[in-house]
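Features reported for this protein in TrEMBL:
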type    : residues              : note
BINDING : C30, C213, H238, E242 : Zn(2+) binding site
BINDING : K274                  : ATP binding site
DOMAIN  : 17-313                : domain 'tRNA synthetases class I catalytic'
MOTIF   : 32-42                 : motif ''HIGH' region'
MOTIF   : 271-275               : motif ''KMSKS' region'
Amino acid sequence: MTTIKLHNSKTRKKEEFKPLDKNNVRMYVCGPTVYDRAHLGNARPVVVFDTLFRLLRHVYGDDHVTYARNFTDVDDKINAKAAETGHSIRDITDETIQWYLDDMGALGAMEPTLAPRATEYIPQMVDMIGELIEKGHAYAAEGHVLFAVDSWKEHYGKLSGRSVDDMIAGARVEVAPYKRNPMDFVLWKPSDGDTPGWESPWGYGRPGWHIECSAMARELFGEKFDIHGGGLDLQFPHHENEIAQSCACCGTDSFAQYWMHNEMLQVEGKKMSKSLGNFFTVRDLLDQGYSGEVIRFVMLSTHYSKPMDWTVEKAVGAESKLDDYLRMVESYADMGAVKSTPPFNAIVDALSDDLNTHAALMGLEHLANHAQGTELAANLIFLGLYSYDELVSKISAIQNAKASLLPLAEKLHQLRLTAMETKNFAAVDEMKEALSNAGITVKMSKEAVTLEANHNFDPSKLESLK
Ligand code: AMP
Ligand code: ZN
């Protein structure tokens, strides 16, 4: 069996991945807070953990891997959006969840096995908070329930590598009169008539953010599971708090066995932010004509543990690579054999080495250079760049384009022969320009003209040339 190695944020080491139960490999990833379209940075953990999900399914079998990613559908940002737009919270969260699934689907992300919504696990959260109070790890005060970090002091901060005292010294923590220690974090808070709420032993209220992942993971996976992922921005305090809640409640020494964090995304070397005007959503990029596979390819080209820069130059490079690969598949693949072709060893090995996606893309390049069309197709699918059906329809579009381009190539060839005699190239230049506008790359030699559709190909613009 393939050995997978992963860099474990908990131990800060690359370790061999050994699942607790190889028949039931469990991965939990913190999902989005659903009040707005996902921005490009939000897509990074989706692509990273989707790639890991595909690798785990390959190694352990499709039916032996469960991937859970939650939707945070109770949050003050959602309440603010509801107040601002006059729409109901349920309408906002339902619509945003659908946008998210559509946009991430466009990037080739499979839907996780489980997609729990926080609001459907309130009783489990209330139970967990009750247990924490009983065990002396939490206390109720003024309608709030807080986790008492002093009750967990020797463990708190292990994941992010800081002590409680350092945190207090360095952090801008919210100091509230009802907190025993400024680092204590909210498990439950009071709601009024304008904010969503549920009855609880501590009054009408709603959960703090951190408790949802602990409660859902316990309900879906049990007290311990294999991999927990998310962006590096979540390592502290969110993940630190998840560990504290889960281990203190269950009396266990560990929660997730392996923690993985993706680094942040930047745009043209700068932090993506609304004030810098370089903030965009995945939908913005798709609408601008960058296809989902191009966005995914660019994301895979940087290792997940490194900050990644989105640049137009990279997107253009990815477009031309994928164009080349499609042409190779069209020329050399036996599409009937693609589904039964296993992923290329070099690609599986690259991903098994702490998800070295850059090296995995080199594997595609190797297959393309050796005209291994069927393998290339199978591995484009394995890396989530295309589904089988997408690939088949792309190939047939290329073939149809080829058929319609043959007579045009012949026409241009004849125009060129005439122009060589008359020394008047106006008609040739005019046709070349029209072809280029239709997304056709023109190659001319003395003997022949070849025309190839590129990623800007628009068949409707060919009509006037016929
Ligand atoms: P949020 O909805 O803000 O909780 O974020 C959802 C996911 O996106 C989390 O795993 C975050 O860590 C991740 N994320 C947010 N911003 C970025 C970014 N700029 N680069 C990479 N990941 C991000
Ligand atoms: Zn979480």
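From the backbone N, Cα and C atoms, a Cβ is placed for every residue, glycine too.
The residues of the motif ''KMSKS' region' (271-275), classed with DSSP into helix (H, G, I), strand (E, B) and coil, number 2 helix, 1 strand, 2 coil. Fewest other C-beta atoms within 10 angstroms, among the binding-site residues H238, K274, are seen around K274. In three-state terms derived from DSSP, E242 (Zn(2+) binding site) belongs to a helical segment. Report note: the Zn(2+) site is defined by C30, C213, H238, E242, and the residues of the same chain whose CB lies within 8 Å of the CB centroid of those residues, excluding them, are W209, H210, E212, S214, H228, G230, L234, H239, N241. Here the motif ''HIGH' region' (32-42) has long-range neighbours at 71-73, 75, 77-78, 80-81, 92-93, 96-97, 99-100, 103-104, 231, 264-265, 267, 272, 279-283, 285, 295, 310, meaning same-chain residues at least 6 beyond its ends whose C-beta is under 8 angstroms from one of its own.
Helix, strand and coil residue tallies for the motif ''HIGH' region' (32-42), in that order: 3 helix, 2 strand, 6 coil [DSSP]. Least packed by the Cβ count within 10 Å, out of the binding-site residues C30, C213, is C30. Applying an 8 A CB threshold to same-chain residues 6+ apart, the list for E242 (Zn(2+) binding site) reads H210, C213, S214, A217, H228, F255. Confidence over the motif ''KMSKS' region' (271-275), given as mean pLDDT on the 0 to 100 scale, stands at 78.
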